[in-house]
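Features of the protein shown, as given by Swiss-Prot:
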ACT_SITE  GLU58  active site
BINDING   HIS61, HIS123  heme o binding site
BINDING   HIS213, HIS275  heme b binding site
DISULFID  CYS35-CYS42  disulfide bond
DISULFID  CYS189-CYS195  disulfide bond
TOPO_DOM  1-6  topological domain 'Cytoplasmic'
TOPO_DOM  28-62  topological domain 'Extracellular'
TOPO_DOM  84-91  topological domain 'Cytoplasmic'
TOPO_DOM  113-121  topological domain 'Extracellular'
TOPO_DOM  143-159  topological domain 'Cytoplasmic'
TOPO_DOM  181-211  topological domain 'Extracellular'
TOPO_DOM  233-243  topological domain 'Cytoplasmic'
TOPO_DOM  265-271  topological domain 'Extracellular'
TOPO_DOM  293-311  topological domain 'Cytoplasmic'
TRANSMEM  7-27  transmembrane segment
TRANSMEM  63-83  transmembrane segment
TRANSMEM  92-112  transmembrane segment
TRANSMEM  122-142  transmembrane segment
TRANSMEM  160-180  transmembrane segment
TRANSMEM  212-232  transmembrane segment
TRANSMEM  244-264  transmembrane segment
TRANSMEM  272-292  transmembrane segment
Amino acid sequence: MQRFIKWLAVITSLDLLIVLLGGALVTKTGSGQGCGKSWPLCNGEFVPSNLSMETIIELSHRLTSGSAGILVTLLCILSWKYYKHVRETKTLAILSFVFLVAQALMGAAAVVWGQMPAVLAIHFGISLISFASVILLTCLIFEIDQKFDARSLIMDKKMKFHIYGVTIYCYLVVYTGALVRHERASLACPDFPLCSKNRPMPTQLHEWVQMGHRVAAMLIFAWILYAMILAIRHYKQQPVVYWGWIISFILVTLQAIVGILVVFTNASLAMALLHSLFISCLFAVLCYLVMLGTRSKVNAKEAASTSKQTK
């Protein structure tokens, strides 16, 4: 059974990643109304008779979301039953399921009540939490923490501050990026790093949205760079923290490069999808570090208790 659960966890993680990228594809191609204002049916039909490209993209996104719902539900039930001895399993199972349901409801709301940029941005943010929760659940199932000896990990307050702070801030940056996409502001500023050669400062809403996201992205790049330097200097003996920050910096660098290329490739589809891919992976890695941070507090208490008993 455990072998089956491992395969299920991998397939579920991939399915949720496809859902995230599918949502970006729907937005990029303007396929949000490919099934009209009908949900869960498509144009009022179970199998739509008129299959335009927009309809195919939107319908495919709904089907992958539906399959993800089934897989996540099954994974939550089985992990709860067979891995309940692991402290975070129940919490992650609940988060995975609750945010998947919330994601589906937000998607339905976007279809029925209109493609409001704020609603669509929230839809992506909720999807990201569901994806990260399933990734963490998968890590627990594969016992990644044991391979890195994470159970003995103890971090100082400074490192935990950076982990929690960067993760929360990353989530806020995600919303600024989602707002850029849903406000159709990806090409509002044709140059980089300034908005335009003729007028470096933004002058209208779409330019402010674009430049606000750029400033937020630059700050998270600098913050992750600083945290990585701290990890390299002080956590070489803790490979999970050491490599966690290095991987985070690689991902945020790739994210930045792709973000710049979005501007210079006229917001090509490939760049837009890669932009969504890298931020999804970055957020998942940061969430894993958060989980390690919560464990560190427990490990520190246990170590202190053991030290008192030996004395």
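For all residues, glycine too, the Cβ spot is worked out from N, Cα and C.
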Just checking: which of HIS61, HIS123, CYS195, HIS213, HIS275 have a Cα that is within 10 Å of the Cα of CYS42 (disulfide bond), counting only these recorded positions? none
Would you kindly list the residues that approach the transmembrane segment (122-142) from elsewhere in its chain, counting only those six or more residues past its ends and only Cβ-Cβ distances under 8 Å? 2, 5-6, 9-10, 12-13, 16-17, 19-20, 23-24, 72, 75-76, 79, 83, 86, 88-89, 92-93, 95-96, 99-100, 102-103, 106-107, 110, 171, 174-175, 178, 279-280, 283-284, 287-288, 291
Could you name the stretch, out of 7-27, 63-83, 92-112, 160-180, with the greatest number of CB pairs under 8 A to the transmembrane segment (272-292)? 160-180
All-chain count of other Cβ atoms within 10 Å of CYS35 (disulfide bond): 23
Using a cut-off of under 8 Å between C-beta atoms, tell me which stretch among 63-83, 92-112, 160-180, 212-232 contacts the transmembrane segment (244-264) the most. 212-232
Considering every residue in the topological domain 'Cytoplasmic' (84-91), what is the mean pLDDT value? 83
Starting from HIS213 (heme b binding site), work out which of the recorded positions listed here (CYS35, GLU58, HIS61, HIS123, CYS189, CYS195) have their Cα within 10 Å, and give them in sequence order. none
Lowest local Cβ density among CYS42, HIS61, CYS189, CYS195, HIS213, which the record lists as recorded positions, within 10 Å: CYS195
Provide, as an integer number of angstrom, the distance between the C-alpha atoms of GLU58 (active site) and CYS35 (disulfide bond). 7
Roughly how many Å lie between the Cα atoms of CYS35 (disulfide bond) and CYS189 (disulfide bond), rounded to a whole value? 32
Tally of DSSP helical, extended and coil residues in the topological domain 'Cytoplasmic' (233-243): 7 helix, 0 strand, 4 coil
Reduced to three states, what secondary structure does DSSP give HIS61 (heme o binding site)? helix
